[in-house]
Structures are given as structure tokens and as C-alpha cells.
Amino acid sequence: MIPVADLTEAEAARELERLAAEIARHDRLYHQQDAPEITDGEYDALVRRNNEIEAAFPELVRGDSPSAHVGAAPAEGFAKVTHALPMLSLGNVFSDDEAREFDQRIRRFLSLDGETTISYVAEPKIDGLSFSARYENGVYRRAATRGDGTTGEDITANLATLTDLPQRLTGDGPVPEVLEVRGEVFMTKADFRALNQRQIDAGAKPFANPRNAAAGSLRQLDPEITRSRSLSLFAYASGEVKGLEVESHHAFLERLKTWGFPVNPQTRPCQGVEDLIEATHALALQRAALDYDIDGVVYKVDRVDWQKRLGFVSRAPRWAIARKFPAERAQTTVKAIQIQVGRTGTLTPVAILEPVTVGGVVVGRATLHNEDEIARKDVRIGDMVTIQRAGDVIPQVVEVLLDQRPADSAPFVFPETCPVCGSHAVRQEGEVARRCAGGLICSAQAVERLKHFVSRDAFDIEGLGGKHIETFHNEGLITQPADIFALEAKDNEPGALQHLRSREGWGPKSAENLFKAITARKTIPLDRFIYALGIRQVGQATARLLAGHYASFAAWRKAMDEAQTEGSEAFADLQNIESIGPSVARDLVAFFGEEHNRAALDALIDAGVEVLDFARPQAAGDSPLAGKTVVFTGTLDTMSRGEAKARALALGAKVTGSVSAKTDYVVVGADAGSKEKKARELGLTVLSEAEFRAMSGG
């Protein structure tokens, strides 16, 4: 693996693309199917590498970046619940120094001096399944899983079977009008052993680890199965709350205990970062003796007013972070090396391992990243290797045990042709990835692009899963996205080879439901439409930025056509969008430069797809900053630059890094420099920090 410091921009872009696809796949396996293929440590390693590359190359941050989304979509079979407030994930740190860096980031954001002590709360990070339980006037009403952070699965009846969950809030004083309690459902080690023994006695497959057992038990369509499993829970946070004011997170946890919620007794208030670090080491020493699995410690800023000021980044709060415990290792044999082909043609090698347990998780696969990584470590089929999982990172091969290498082993030869279509696998100068040159003739790419198109964050067509896409593509029924919307018409043709309703696994009702689901998705918001196209480096966050900037499909399409010339005003405007940059801009232009892509877009519109204009957050609608382009320059006195940008974005503004005639406001602090000068030359509105604070709500 090439160190981040040695990556070229092109290599970094390719690596981020690979990581986004790999992490998304493992999110689905973990959150939807409760069947992870890698350890938490291996997953964390992938996320960590992604974040390190993004920090080094901020202009390459993708919309589908793991730093911009949480979890995976709710599975079929469960009703969907939209969270009143998103259930976000957490960033990670792995060392004492990184914990201190977290503390310093908090200080910089809040503009605190070195004498001010930050109060924290340290909570054990339970390895279970997150939930949100809603109470109205003290009565339990609904519960949901995290899902993708915005929408989860309705587990109201299932969670009610847990004896740890209060059905009604009792105790001293009034109860809130609305209280969403968030926490983790888990299975103790003793209950896990007992459950697996029952599974074995019944001739059923045992669970791989307590986390899978807890998730699988809670996510049952029959609540009685959940009731039969011994599940526990700890409460640790709030969602939507009405009618309750607390000054600190610790005070909130104490209030939860008075209402009957279990709160982890290992939770500890800490004064300053050194106290946090000491608490982490103390808990690490107790880890093995605990009767439940933990994989780290969660650090939270205690003061609620500071939490509100700190706010959130795209997928996580700024005021909390997860400290992951060190990597756990094991040794196993490489049975095979498989090459996977992604939707953009990237060939990714994967080591197929003799299954081995690492830190309580059965691992059967490990990513080998790319051709250079295999060569550097000289990984061969038949080798005995050491693998590790560190925190939430995906399993990785650490080293080859050369003294145990078979005498007849041979170096792995990376293919120069696509294993799916036979086209050349080309490696461009300066890149680490080989890519299939087959394009649309490569069924692997075509199928993966179609799967992406119907995925939950794109068109979200329920009932049209990956296996169905593969079948319909192989039969020629769906070769491009527009074909999806013609599927019912094709099925009704008199000459159809086999009507969907008469196929194995289908029936009149399921066929009708699919056609209804397809029709219902003919109307789609602009940001989801852009994301669905599968443009390189354009994930959800980037798609939302583009949609917010151009507002309508017609305006975006026109701008992309005009941006075909790099020196054009349209191209300059595109790469000036916050977080876009030249690399993403070039990929967007390249997409529209291909005739077959433009034809595919036209075919979608001709098929009746209606792309809705971008809708800004309702709260931002009345803000004087809504829809305005804002540039910050100079040093601010009462808030950090990051806090100011976050405030502007939350109020519907577009924040860019350079001043142009299209800029609405330039907010200046001390030592503003050339940007202020240019703004005044252009006759733009220049705001002081005080004026910006007044405009943004004080």
C-alpha cells in the first residue's frame, strides 16, 4: 500500500474511489444482512485510510465518501421510519496523541484558551446494534434501527420485548412531551454462549459473534423470536427532545437512570483530555473481564451549549469521537486470490482466506488493495499470513510468514485482461489501479452501474435487487437505466419470452408491486438523480453540492455542456464550488463528453423521469443567507473559520473559496488580504464578523 504522503493526486482519486465502493459493500453486509465479511478492525482501517487521503487531498472528497454517509439502507421486510434527527456515526481516533488532537480541534473551534478545562464523558463503546426509542408524554411509542442514519427499520414490537426497556417513564418530576432515547442493544457473552449451544443442539448454524447474534435477534419479523433471545441494552444519547432542558450530557444520563433506563456503569465524567486518556487505559485493562464486547471508548464534550456550537460535519458530531482499541491479529492461509470488477472498471484483488476468528469475528476475506500492494508484500496463494483488524477497519494482510511458504509457491500474476469480459486491463501512468477498458461491453461494469442506479440512496427501487438486475441484464431486458422504466411495457408485449409473473420466484402480486415501485420512482430530487448516474468521484455529498449550486436539472445539464472547455466560465464556476475542485470537475466534464452518457440521460427524460428542483432545508428558507454565495477571509475573533462556515451552510448558503462577480457576501476578519480588496473592486457586499453574526442569528 502506497503511503498517503507518497500518493499523487491521480493515485489518491483512484484509491478514494476504490475505498468508497468497498466500504459501501461492507456497510450493506454489516447493517442490512448482519453478515460482515471483515472484522471491525479491518473496516476501520479502510475508513481511516479514506479519511487520511481526504485530509491530504481535500479537493478529491467524493459524494459517496464514507465520511459523508452512515450505515446502510433499511432492509426489505421492515417498515421504514424517518428519524426526526439523524442518527449519526462517529469519527475515530486510535492513540493518545490523536485524542489530544481531538481536544485541540475542540479548543480551536470554540476559540478556548489553554487555561480552560473541557469536561468530557467517557463511555464504553458497545459492539451491538444501535436503536432510537421514542416516548410521547412518557409512553413508549416507537423504535427504529439506525439504518442509513436518516431512515431506519421499525422495530417497535421487537424492542418492547426487552425487559430492560421502560414502557412508561416514571419517577420524580414531569416527563418530556417528546423524548427519543438512543442506545445499543447487545448480547452478553454468557447469553451468546447459551444461544449458540441451543443453535447447535437444534442443528442450526451458530452465530459468528455476539454482535451478529444481537442484531439478528432484534431484526426478526416475528417479535416472539426476539423475545426468546436474551438481549440487553444501554442508553447513551438523545434524539428529538421537547420539554426537557439539561446543561450537560452527564446530567442527561443521570435523568435517564431515574426513568429506568440502563446506563453503562463504566461511564465516567472526565476533566480534560489527560483524564480521558487515563479512563481509556483503565477501561482497556477491564475489557476482557466485562461480560459484553466493547471495541473502544466514546469521548463526548459534556456541556450541551458547547455541543450545539460545535455542531456536525456530514456524518458525525464534532463534539464526540470514538477511541478504538488496538488491532487484534491472527494467522491463516490464503486459499485463493480473486479479482473483482467494480462499476468504474477498477480491478480489485481480494484474498480468500481459511476462515479464522480475530477478536471474536470470523474473517474469510481480506482486501489486497491493488497490484502494487500484492507485489510489495509478495502475497501468494497457499501462503500463511498474519491478518489484523484494528478498531473498525477492514481486515488486511499484515505480513507473509515466509518460513512457512510452500516450496512450490509461485508469485501471483496480476491479470492484464478483465476476468469478466476479456478486455484489456489498462493501468495509466501515475495510477495504482488497473481498469477494464471494456466500458459498456463489460457486463460487470454495466451490472454494477445499474445496481448503483436503483440503490437506496439513488432511485431506491424496492424489489429490484442485485440478483434481479443481473438476470434482466443477461436477458437483455435492462441494458441501460431507461430500460428499467420500460420493463412493464416489455413484459406486456405479446411476444415476451416469459412474463415476469410466471417466472420462478415471482407471481402476479410481486410483479405488480415491482412495476408500481418503478412507476413511483419516476419523480426524483435532483441530488439523488445526480448521484444515481454513478459519475466518478460524485457521491451523495458532492451530488448535493452540485444540486444546491445549480438548483435544477436543466441548469445543471446546460452548465455541464458549457464546461466542456476547461477555460470556460462554466468550468471555472464548477471547480469553484466548495469541495469540488479540478479533479472532480474533470470527471464531471468527462462524463458529459461521452455521447452514450448524454444519450442515456435523454433516454431517462424520454421515459418520463421527472427531476425535481433542489429543495433547500426548510429552516434555511427565511434566512438572508439562503441561496447566497459566501466567502470567508481573514481571522475571526468570536468564532473559528470552521464554525462560521458551518453556520452559513446550515442556513442555506453556498461557501466558496474564491471571490468572483457571482459572490454575494465576503465576510472579513483581521488580515483579510487580497480577497477583501478584490471584493471591494467588484463592488460586492463586504460584511464584518459582527454583521455576519447578526445576519446568521447572533
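Glycine residues also receive a Cβ, built from the backbone N, Cα and C atoms like all the rest.
Per Swiss-Prot, the features are:
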BINDING   Asp40, Gly41, Glu42, Tyr43, Asp44, Ser89, Leu90, Glu123, Arg146, Glu184, Lys300, Lys324  NAD(+) binding site
ACT_SITE  Lys125  active site, N6-AMP-lysine intermediate
BINDING   Cys418, Cys421, Cys436, Cys442  Zn(2+) binding site
DOMAIN    620-698  domain 'BRCT'
**OP:** Work out, from DSSP, the number of helix, strand and coil residues along the domain 'BRCT' (620-698).
**Re:** 26 helix, 16 strand, 37 coil
Original post:
Can you tell me how far the Cα of Leu90 (NAD(+) binding site) sits from the Cα of Cys442 (Zn(2+) binding site), in Å?
Top reply: 37
**OP:** Find the one among the recorded positions Lys125, Arg146, Lys300 whose C-alpha lies closest to that of Cys442 (Zn(2+) binding site).
**Re:** Arg146
Original post:
Which of the three DSSP-derived classes (helix, strand, coil) applies to Cys436 (Zn(2+) binding site)?
Top reply: strand
**OP:** Take the domain 'BRCT' (620-698) and average the pLDDT across it for me.
**Re:** 84
Subject >> Candidates Glu42, Arg146, Lys300 (binding-site residues) - the one closest to Cys436 (Zn(2+) binding site) by CA >> reply: Glu42
Original post:
Considering only the recorded positions Glu42, Asp44, Lys125, Arg146, Lys300, which residue has the minimal Cα-Cα separation from Cys418 (Zn(2+) binding site)?
Top reply: Glu42
Original post:
Hey, how far is Arg146 (NAD(+) binding site) from Lys125 (active site, N6-AMP-lysine intermediate), Cα to Cα, in Å?
Top reply: 16
Original post:
How far is it from Cys421 (Zn(2+) binding site) to Glu42 (NAD(+) binding site), counting Cα to Cα, in Å?
Top reply: 30
Subject >> Set of same-chain residues at least 6 away whose C-beta sits under 8 angstroms from the residue listed as 'active site, N6-AMP-lysine intermediate' >> reply: Ile294, Asp295, Gly296, Val297, Val298, Ala322, Arg323, Lys324
Original post:
Once the chains shown are all counted, how many other Cβ atoms turn up within 10 Å of the Cβ of Arg146 (NAD(+) binding site)?
Top reply: 25
